Structure formats: C-alpha cells, structure tokens
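This report concerns only the one structure given below.
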Amino acid sequence: MGPSFRGFLVLLLGVLGVGAQRCQRVDHEMCAELPYNLTSFPNLVGEESFKDASESILTYKPLLSVVCSEQLKFFLCSVYFPMCNEKLAHPIGPCRPLCLSVQEKCLPVLESFGFSWPEVIRCDKFPLENNREKMCMKGPNEQGAIQDERAKYAAAERENNDDEEDKRREADRLNGKCPQDEVFLNRSSKCVPLCSNPQKVGQTDRESATRLLLFLSLSSVILTILSVFIVGLSIYFRRLELLHSLPETAMFFSCIAFCVTSTIYIISVSFKDQFQISCTDYTHHLLFVVGGLSHVPCSSVASLIYYSATCSRLWWLLICFSWNKATRTANLLDESRTRVIMLILGVPLAPLMLALLAKAVAANPLTGLCFIGQASAGTDWIFNFCRELILFLISSIALSSACCRLLGSDDQEVNGFAGVIAAIYPIVALFYMLFFINDATQPNLALDRSFNAVSATKFSFDMLLSFIMCAFCLVYLLFKIARSSSKVSKEGYQPAVPKLPQPAIPGSVRSNTYASTFRTNNMI
C-alpha cells in the first residue's frame with residue numbers, strides 16, 4: 001500500500017468521521033421548546049462550538065425579558081443553533097421574513113437603549129424563502145406560539161399516507177384485490193372491512209361512546225319507570241287526574257316511546273357481540289356491516305331505533321301544538337285524539353320503508369350499533385338531517401303561533417310547563433344540525449372516527465332527547481302533585497255537615513185523629 005493511497009484513506013475516514021459527528025443535540029435551556037433537537041457547528045454566525053453559541057445567545061436575555069416579539073426566541077435559537085439534518089449539506093436557519101418581523105418589533109426597543117440591530121444577525125444574510133437550493137424555517141405564527149414543525153410534518157405525512165392508501169385500495173378494488181383486513185365483494189365491487197379491523201377507531205373512543213350511551217339510556221329508563229309508577233298510583237287511588245289534558249298525554253307517551261328507544265340501545269350495546277349486530281358471516285369471513293350489505297339483526301335494530309325515535313319526536317311535536325288551548329289547532333287536536341294517535345304511530349313508517357329500500361342501514365364503527373343513514377353521507381342527510389330540519393321548522397312555527405295567542409288567552413288555558421318542554425326540542429335540534437353541518441364541511445378531520453363533541457352529539461342525539469324528555473316529565477308530575485297537595489292544605493279541612501236528629505211525626509196521633517174524625521162523621 002503506497003503512501004499516497006494511505007493518505008487518501010486517512011482523508012476519506014476523516015471526512016466520514018466529521019460527517020457522522022456533524023449533528024449534535026441542542027441542550028440549552030433557552031431553546032428547549034424548539035421543534036427540532038439536533039444542531040451543527042459552525043452555526044450561522046460562524047461560531048465553532050456549543051459553548052461559544054451558548055454564551056452569545058445569553059446576551060439577548062434582557063431583550064427576551066421585554067417580550068418585544070414572541071417570535072424572537074425561535075429566531076435566535078434558529079440562528080445560534082440551526083437545525084441539522086445529516087442528509088443535507090448545510091444547516092437550516094430562519095427565513096428572511098421571520099427576521100424582518102422580529103426586527104420590526106424589537107429594533108425600537110434596542111434603539112431606546114442606544115443599541116442598533118446586531119450585524120451578525122443582519123436579515124439579508126438569510127434566504128428569502130424555503131426552496132430546494134436553500135432551505136429555511138418560517139418559524140412561529142403571528143400569535144407567537146412556536147409551531148411544532150415535527151407535528152406538522154407528521155400530520156402531512158399521515159395525510160399523504162392516507163391518500164396513498166386510498167389510491168392503493170381503489171386500485172386493489174378495481175383489480176379485485178383488497179388489503180389483508182378487508183374482503184372484496186363482487187356484488188358491490190368494493191372492499192368491506194373485517195370485524196377485527198379497527199377502522200382507525202381507538203379502543204378508548206369505543207369505550208367512551210359505550211359508556212355515554214349506557215348512561216343516557218339507563219337514566220331515561222329509570223326516569224320513565226318513576227313516571228309510570230306515579231301515574232299508576234294516581235289512577236289506582238283516584239286522588240289526582242294526571243293524564244287528563246292533551247299536553248300531559250303527549251308528554252307521557254313521548255317519554256314512553258323514548259324509553260322503548262333507550263331499551264333497544266341498552267340491549268344492543270350490552271349484547272352486540274353475542275347477537276353479532278354489526279357483523280355478518282360472508283364466505284367464512286366475519287364482515288363489518290356496511291351500506292348495501294344486508295344483515296337482519298342490523299336492519300332490525302336500526303329500524304326499531306329509527307321508528308321509536310321518530311314517534312317520540314312526533315309526540316313532542318304534539319306538545320308544541322297543544323300547550324296553549326286558546327289556539328284553534330289545539331282544540332281540533334284535542335277533539336281528534338284517536339286520529340292523532342294513529343298518525344303518530346303510522347307516519348314514521350313512511351321514511352323507514354324508504355330507508356330500507358334505499359339500503360341506508362349500516363353499522364357505526366365507533367359505537368358498533370346500526371343506524372338508518374349510516375350507509376353514506378347522502379342517506380345520512382336525507383333520513384336524519386332532513387327529519388330534524390322538518391320537525392324543527394314545524395315546531396318553531398307552532399310555538400310562535402301559540403305564543404302570539406298568549407296575549408288574549410286565559411291563564412287556565414295555558415300549560416306553561418308544557419310550553420317550556422315544547423320549546424326545548426327546536427333548541428336542541430338546532431345544535432344537532434349545526435354539529436351535522438360542521439362534520440359535513442370538514443370531512444378530512446374524520447370526526448366520526450373518534451369520540452368528540454360532534455360525533456357524540458350525532459350518535460347519542462336520540463338518547464339526549466330521551467333523557468331531557470323523561471327528566472322533565474317526571475319533574476312535571478311531581479310538580480303537579482305538589483301543587484295539588486299545597487292547594488288542599490291552603491283550603492284547610494272542611495268538616496261535613498252534621499246529621500242532626502229530626503223530630504219524628506207521631507204516626508199514632510195522626511192515625512187516631514183521622515180515625516176519630518172519621519167515626520164522628522159517620523155518627524153524625
């Protein structure tokens with residue numbers, strides 16, 4: 001081995017050694033919140049060691065205490081401890097707009113103390129923008145919070161990976177192939193996930209959704225049982241007529257219908273694995289029920305929930321029309337109770353049949369239950385959003401009309417408590433529709449794949465209405481009983497009229513007098 005070759009080898013090893021040691025950790029307390037943790041020397045001001053850079057950046061500590069710019073810390077750290085990447089030949093510092101922004105806010109402070117902008121951090125030294133030739137960091141936003149660039153890059157990378165995965169699945173679908181956790185269906189020409197596939201839903205989110213549904217359902221059932229018990233006692237002892245008026249009847253039967261919905265939820269949540277509500281057997285595979293895939297238990301649960309929940313809403317709508325008896329509509333409904341009941345029980349069958357014909361039934365990955373409209377976004381809008389929108393408009397018109405008649409109506413004709421209950425539905429329905437629109441306008445967030453305010457409101461809206469109605473129904477019954485008892489106590493005890501003995505007419509005297517008179521007349 002010649003001396004020239006040995007010299008070349010030593011030089012090559014030295015270069016490789018320097019390249020391997022070029023990046024080092026940023027261990028400075030002032031720059032602990034940086035979105036990166038590797039730097040290199042010499043830095044952007046020409047300092048060769050970590051010690052020199054640490055001493056230099058500490059000279060800006062008084063300026064940092066003034067907080068002239070919340071971007072100042074990131075700017076200084078990116079200058080004295082620039083980001084290092086072993087795949088790049090040069091360290092990455094700040095962009096020129098970041099420097100100009102800091103200079104604009106902090107230069108007046110320096111000038112007030114007799115200082116000028118430091119030459120070593122002159123803004124024209126930094127690149128104007130981030131490009132392939134010269135990379136730089138834009139830094140924090142205008143609000144001042146240092147953005148976590150790693151989180152941004154990771155989110156962008158996940159989004160790109162999701163796009164690539166969707167493209168790959170679409171190509172596999174066209175080729176009749178699917179990923180390992182999905183099965184291709186010829187009749188629908190799409191890949192259907194297996195039941196073991198988490199579908200990007202965390203186990204914690206599933207458990208939170210289950211707990212929320214069980215809490216609302218059990219609470220509604222308990223409140224309904226108490227209401228039925230109170231009504232039963234009043235009927236048995238005939239002490240108080242509770243279901244005499246139409247608003248009271250509508251309130252009670254709305255509570256009963258919601259209780260049926262709650263019972264279905266409880267059974268479905270508790271035994272969804274035993275009954276395989278959201279899973280169906282297909283060619284020796286247990287598939288998750290999606291739109292177009294028929295499964296009797298799934299369709300049955302979804303149909304019962306949708307029918308009973310719609311009936312409950314219609315009973316609630318009846319309260320909106322009948323709480324003020326001064327309106328003509330309230331009197332007509334009161335005179336036609338039988339027809340009204342038949343309409344309430346029959347009208348929900350129409351949208352339910354349309355939903356089944358449209359194959360709008362599918363399982364929800366977050367709750368594991370089946371719902372009408374879950375098959376696609378379009379069916380969700382048609383059968384859920386439109387239902388709430390129609391009932392919201394009708395109830396708002398009915399309440400407005402009844403409120404206008406309050407001016408000329410008697411207090412005895414108005415059930416104020418029922419009016420308050422009636423006004424709750426359009427308010428809650430409005431929030432539901434706003435959450436619905438928010439979810440539709442931001443599909444990339446995949447809010448239905450995690451437990452959050454939007455997804456929780458959507459899948460538990462029936463149970464939320466159930467809890468509200470059952471609670472108010474029980475409070476109303478207790479309030480009416482208390483008011484009746486208070487009325488009796490105020491009137492006091494009214495003694496019965498005493499039965500005094502009346503003087504009896506002696507029959508013998510009357511008889512003797514008549515007889516003696518009769519004999520006297522005969523003798524004469």
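Every residue, even glycine, has its Cβ placed from backbone N, Cα and C.
Automatic, uncurated: that is what TrEMBL annotation is.
As annotated in TrEMBL, C68 shares a disulfide bond with C106, one of the listed residues C23, C31, C106.
For C123, the partner cysteine in a disulfide bond according to TrEMBL, taken from C99, C136, is C99. Cross-referencing C23, C77 with TrEMBL gives C77 as the cysteine bonded to C31, criterion being a recorded disulfide. The record in TrEMBL pairs C84 in a disulfide bond with C23, which is drawn from C23, C136, C178. Nearest by CA distance to C84 (disulfide bond), out of the disulfide-bonded residues C31, C68, C95, C99, C136, is C136. In sequence order, the disulfide-bonded residues near C123 (disulfide bond) (Cα within 10 Å of its Cα) amount to none of C23, C31, C68, C106. Touching of the transmembrane segment (340-361) and the transmembrane segment (416-437) is ruled out by the presence of fewer than three CB pairs under 8 A, sequence neighbours closer than 6 excluded. Away from its own ends, the transmembrane segment (416-437) comes close to residues 247-248, 251, 313, 316-317, 319-320, 322-324, 384-385, 388-389, 391-392, 395-396, 398-399, 402, 453-454, 457-458, 461, 464-465, 468-469, 472-473, 476, 479 of its chain (Cβ-Cβ under 8 Å, at least six residues beyond either end).
A Cβ distance under 8 Å defines the sequence-distant neighbours of the transmembrane segment (287-307), meaning residues of its chain 6+ beyond its ends; these are 183, 185, 188, 190, 192-195, 197, 199, 260-261, 264-265, 268, 275-281, 348-349, 351-352, 355-356, 359-363, 365, 369-372, 374-376, 379, 383, 462.
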